[in-house]
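Notes for the one structure printed next.
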Amino acid sequence: MSAPPRTRSVFASTQKTPSPFALTAALVVAVTAYQLATTMVAPTLPVITKDLSLSPATTGLTQALFFLVAALIEVVVPISDRYGRRAMLVVCLALTALGHVLAATAASEQMFLAGRVMQGLSGVAFPLAFVTLHKNLSPIQFGRSVGIIAAVNLGITGVDTLAGSYLAESLGFRSIFWCMAAISVTALVLVHRIVPKDDAKSTMSIDWAGIVVLCLGIGALLFGLSQGGTLGWTSPTVLITGIGGIVAIGLFPLVEYRSRLPLVQTALLRSRDVWPLLVVVLLSMGGMFTTYSYLLPLIAQDHSSGYGLSPVTATLRFIVPAAAAAFICAPIAGRLAPRLGWRRITVSTLAVSAACMVVIAFFPQNQMLVAILVPVIGFCYFGATETAMNGLGVLLSPKNSPSFLPGIAGCCFALGVSVGTAAATAALSHNSTPTDGIGNGYLLALAAMAAMAVAAAAVSFLIPRPAASGVAATADHQ
């Protein structure tokens with residue numbers, strides 16, 4: 001009697017080398033699991049605050065901790081060099097799905113807060129996706145796939161933001177988290193089945209002291225910046241966490257210098273292979289993303305010193321066009337970068353975006369002009385520059401720690417947004433007398449964001465060309 005045929009579990013992984021399409025598709029779903037936790041939740045925060053009887057401060061804290069965990073998990077990405085990138089991504093996606101279930105069934109603010117914290121673990125998807133693609137694809141295929149993944153960086157052309165608002169209004173906010181839980185589980189299964197099991201270095205030592213110091217430093221600084229607008233910039237909590245974070249970050253090079261196997265060689269921290277890219281990421285995100293996601297929605301919906309638009313009209317006029325432009329441009333930039341050069345695309349498109357920011361800062365009262373320039377920024381910066389910077393993060397990372405620079409660069413994305421938001425919030429405290437219909441605080445905030453963008457464009461010229469390997473490096477050296 002023959003044995004019955006064995007059924008294959010959906011969780012059983014395939015050991016064959018996946019096609020570039022399958023690998024990219026699996027990783028796209030993984031990064032979408034993180035992106036939706038950002039874009040679908042943000043517009044529904046008022047509904048969540050009302051239904052769970054949360055205070056505005058508590059709602060702000062849930063968002064701050066979500067982004068804090070998303071940033072810190074990227075700091076510890078080098079751990080994946082020892083335990084495996086697929087394994088780390090699967091574990092984080094599983095915990096993310098559990099976090100969505102907690103938020104969907106939350107009966108208290110503590111339960112909802114715990115869920116949002118766990119959802120932040122999905123932030124590891126972006127850096128791990130880029131490193132995985134670089135290891136498994138050719139330079140040309142890598143560029144294409146980076147562009148495709150970067151396309152979801154602002155969300156799916158703004159449709160996800162509108163979908164979140166619709167679900168919250170028609171079915172309640174809990175339906176959003178059930179949808180995201182299903183997507184996280186789908187991503188987990190796809191990653192486990194399709195992404196190749198990388199050669200984990202089980203004997204590799206981990207610089208735990210360096211990771212702890214860096215996490216404490218960045219975590220404390222991010223928390224202080226995120227809570228400054230709520231608690232006040234002179235509150236003891238903000239001052240202690242902010243100053244403590246700066247001190248811990250300052251101690252990080254000393255810890256690395258004394259470490260037998262440092263997370264990164266101290267010489268690299270001073271190297272042009274590392275710091276220019278990190279500075280550009282921080283400054284550009286502070287200027288561009290803060291303007292796009294924070295200042296423009298405020299100005300657009302302000303009836304006394306702004307444009308006085310409804311939330312839906314503001315979203316359709318400014319948010320959706322920029323997201324759609326980025327969604328279209330990112331794959332194109334990914335295809336062109338290996339041929340034209342990753343650095344060349346970064347420098348050129350960032351210069352165009354910075355110029356647009358300057359024009360917006362000088363003429364914010366011209367609503368039509370702003371509506372035209374914001375999609376240009378979406379196309380050039382969010383579509384092309386971010387795609388190229390993500391590629392450079394992989395190509396410039398030290399060979400002995402390939403996950404280091406992508407992880408730290410990813411953290412700088414979050415740190416830049418926090419710094420930009422903190423600066424904009426401080427400027428908005430002076431939002432008193434309107435000038436040509438726009439409040440003075442808005443003018444000051446836009447000027448500060450434009451200055452950050454111009455500084456980022458200037459520093460981008462210091463980013464080195466990738467080492468001569470493959471088509472991408474050859475193009476950058478021409």
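Cβ coordinates are placed from backbone N, Cα and C, and glycine is handled just like the others.
Bear in mind that TrEMBL entries carry predicted annotations, made automatically and left uncurated.
Per TrEMBL, the features are:
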type	residues	note
DOMAIN	21-468	domain 'Major facilitator superfamily (MFS) profile'
TRANSMEM	21-41	transmembrane segment
TRANSMEM	61-80	transmembrane segment
TRANSMEM	87-107	transmembrane segment
TRANSMEM	113-133	transmembrane segment
TRANSMEM	206-225	transmembrane segment
TRANSMEM	237-255	transmembrane segment
TRANSMEM	275-295	transmembrane segment
TRANSMEM	315-333	transmembrane segment
TRANSMEM	345-363	transmembrane segment
TRANSMEM	369-392	transmembrane segment
TRANSMEM	404-429	transmembrane segment
TRANSMEM	441-463	transmembrane segment
For this session: May I ask which of the stretches 87-107, 113-133, 404-429 has the most CB pairs under 8 A with the transmembrane segment (206-225)?
Result: 404-429
Problem set entry | Selection from 113-133, 275-295, 404-429, the stretch that has most Cβ pairs under 8 A to the transmembrane segment (441-463) | 275-295
For this session: Could you pull out which residues elsewhere in the chain have a CB under 8 Å from any CB of the transmembrane segment (404-429), counting only those six or more residues past its ends?
Result: 67-68, 70-72, 74-78, 123, 126-127, 130-131, 218, 221-222, 225-226, 228-229, 233, 263-264, 274, 277-278, 281-287, 289-291, 293-295, 298, 389-390, 393-394, 396-398, 441-442, 444-445, 448-449, 452
For this session: Using a Cβ-Cβ cut-off of under 8 Å, list the residues of the same chain that are 6+ residues beyond the ends of the transmembrane segment (275-295) and lie near it.
Result: 269, 318-319, 322, 346, 350, 353-354, 357, 360, 374, 377-378, 381-382, 385, 389, 392-393, 396, 405, 408-409, 412-413, 415-417, 419-421, 423-424, 442, 445-446, 449-453, 455-457, 459-460, 462-464
